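Trainee: Copied straight from TrEMBL:
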type	residues	note
COMPBIAS	1-13	compositional bias 'Polar residues'
DOMAIN	57-104	domain 'Homeobox'
REGION	1-29	region 'Disordered'
Amino acid sequence: KDIPGTSSVSPGSSKECAPDRESPAGTGEADYCRRILVRDAKGTIREIVLPKGLDLDRPKRTRTSFTAEQLYRLELEFQRCQYVVGRERTELARQLNLSETQVK
């Protein structure tokens, strides 16, 4: 559907699709379950169809703020070897006081 970049969600405009809804063949709507009505800057109301897995109510994960030292060490390791795995990742995470996922 056509969605201008200046659209905003109208309060109370969200509605859930019926879980057993059958979509017309070839439309691809079976993979979607939530529809939201938006009003663009010109006042035109449009409908957005969203994927099932998109959880709009879940708060976003906060982005990690790395220190200058952490960035320096991570960049050095990346230049040496782009994929740090196993014991090396565990040790680097411990030294930098980061999780292994953050090192990854």
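Every residue, even glycine, has its Cβ placed from backbone N, Cα and C.
Automated prediction, rather than curation, is the source of TrEMBL annotations.
Please situate the listed features within the shown structure.
Mentor: Secondary structure by DSSP for the domain 'Homeobox' (57-104): 28 helix, 0 strand, 20 coil.
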Trainee: In this predicted model, what is the average pLDDT of the domain 'Homeobox' (57-104)?
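Mentor: Per the prediction, mean pLDDT sits at 88 for the domain 'Homeobox' (57-104).
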